[in-house]
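Here's what TrEMBL has on this protein:
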type	residues	note
DOMAIN	8-311	domain 'Acyltransferase 3'
TRANSMEM	12-32	transmembrane segment
TRANSMEM	38-59	transmembrane segment
TRANSMEM	80-99	transmembrane segment
TRANSMEM	119-139	transmembrane segment
TRANSMEM	146-165	transmembrane segment
TRANSMEM	171-191	transmembrane segment
TRANSMEM	203-222	transmembrane segment
TRANSMEM	234-257	transmembrane segment
TRANSMEM	269-288	transmembrane segment
TRANSMEM	294-315	transmembrane segment
Amino acid sequence: MNPNERFIYIDRLKGVAIVLVVIGHIIQFNTVESSQNVLFGIIYSFHMPLFMFISGYLAQKTVKDSIYNNYLLFLKKKAQSLLIPYFVWSLVVDKLFFVEEIHYSLKDPITLIKNGSGLWFLLYLFLLYLTYSAFFYVSIKINKRIYVLVDILIICLLLLCFVLVKKMQLVSYIDSLTLYFLFFFSGVIISKYQKIKNVMLEKYTFSIFLTVFLILSIHYKFTDTSLFNKLIKLIVAYSAIMALYYITIKISWNAFVDRCISYCGRNSLIIYATHFRLAKLVSGLFLLPHLDVVPLVCISLFASIIIICISFGIAKVVELSPLLNFLLYGKSERNFLIK
């Protein structure tokens with residue numbers, strides 16, 4: 001597989017993930033069952049873990065040891081692309097346009113850091129990139145022969161740091177962040193070790209993961225906080241990720257669908273940041289009754305396509321202002337909408 005093809009299938013994966021995010025919110029806000037809906041539960045069992053897996057996979061592909069020559073520049077770039085949109089959408093856009101009464105507090109930024117609300121995925125991803133930079137530094141120093149067990153040991157040591165943070169009660173979302181840590185570094189390991197990747201791309205491996213997903217996914221309950229339900233989520237998420245990983249690489253896609261999905265994948269931040277506000281605006285305007293899976297998928301997919309198109313339309317307007325590009329999407333003028 002040539003280098004270009006590698007990133008094409010990553011675009012597909014990201015595209016599938018972001019479309020599922022939008023569909024999930026349509027179901028959540030516009031069905032009588034809301035988060036109790038079975039399809040909603042299936043989507044939420046794996047769509048954000050899939051994003052974290054992709055992020056770890058890409059981190060391994062794109063982050064080079066040259067970042068340590070100017071580590072502050074690395075932090076600056078990650079803060080620009082992740083933290084600035086995180087704070088601007090939560091502290092400016094939401095406060096000015098999505099509340100009945102404007103209220104600001106000097107504690108708001110601190111609350112966002114401690115509670116991880118709003119576009120929480122961006123905050124989590126920034127923290128995981130920091131963690132990855134520590135992993136990468138230690139790995140290139142002590143694992144020059146590239147043994148997978150050594151890297152797994154380093155990851156386990158970093159995981160202990162997360163346990164310490166939990167003990168210190170520094171942030172409220174440490175349990176959730178720890179879960180996504182596992183998916184992120186799973187992506188790192190599979191991206192780094194070709195032998196593991198080859199096993200994941202075997203037909204029998206795909207068959208096992210797909211079967212497990214089909215059997216267990218309907219048993220995941222979004223509102224259930226029990227340890228057993230979390231275990232189901234872990235198994236279902238890994239199964240779905242590996243099955244989709246296989247599908248995006250091994251199965252031929254319709255050319256038009258592939259272009260659309262890949263375009264969404266390359267611009268997933270724009271959709272992620274913009275669509276939620278649009279979905280909230282139409283929340284409750286129409287409530288779908290209990291429907292079978294097929295009609296629900298068709299209706300929610302149609303609504304999602306409309307919202308995604310509107311999101312891109314808003315992005316094109318924002319593109320006219322380099323400052324807004326930067327603040328809302330962390331993009332410079334030259335690389336805003338990726339073709």
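Just so you know, glycine gets a Cβ as well, placed from its N, Cα and C.
All TrEMBL annotations are machine predictions without curation.
Residues 131, 134-135, 138-139, 171, 174, 177-178, 181, 185, 188-189, 192-193, 196 of the same chain lie 6+ residues outside the transmembrane segment (146-165) yet bring a C-beta within less than 8 angstroms of a C-beta in it.
Scored on C-beta pairs under 8 angstroms, the neighbour of the transmembrane segment (12-32) with the top count among 80-99, 203-222, 269-288 is 269-288.
With respect to Cβ pairs under 8 Å, the transmembrane segment (203-222) is most closely packed against 234-257, considering the stretches 38-59, 80-99, 171-191, 234-257, 294-315. Between the transmembrane segment (234-257) and the transmembrane segment (119-139) there are fewer than 3 Cβ pairs closer than 8 Å, counting only pairs 6 or more residues apart in sequence, which means the two stretches are not in contact. The stretch with the most CB contacts under 8 Å to the transmembrane segment (171-191), chosen from 38-59, 119-139, 269-288, 294-315, is 38-59. Residues of the same chain lying 6 or more positions beyond the ends of the transmembrane segment (119-139) and with a Cβ under 8 Å from any Cβ of it are 48, 51-52, 55-56, 59, 63, 65, 67-68, 71, 74-75, 78-79, 82-83, 85-86, 89-90, 112-113, 150-151, 154-155, 158, 173, 176-177, 180-181, 184-185, 188, 272-273, 276. The predicted model assigns the domain 'Acyltransferase 3' (8-311) a mean pLDDT of 91. The stretch from 38-59, 269-288, 294-315 with the most CB pairs below 8 A to the transmembrane segment (80-99) is 269-288. Long-range contacts of the transmembrane segment (294-315) within the same chain, counting only residues at least 6 positions beyond its ends with a Cβ under 8 Å from a Cβ of the stretch, are 19, 22-23, 26-27, 30-31, 37, 39, 264, 267, 270-271, 274-275, 278-279, 288, 329, 336-337. Long-range Cβ contacts of the transmembrane segment (38-59) within its own chain (Cβ-Cβ under 8 Å, at least 6 residues beyond either end) map to 10, 13-14, 16-18, 20-21, 23-24, 27-28, 31, 121, 124-125, 128-129, 132, 179-180, 183-188, 190-191, 213, 217-218, 220-222, 232-233, 236-241, 244, 268, 293, 296-297, 300.
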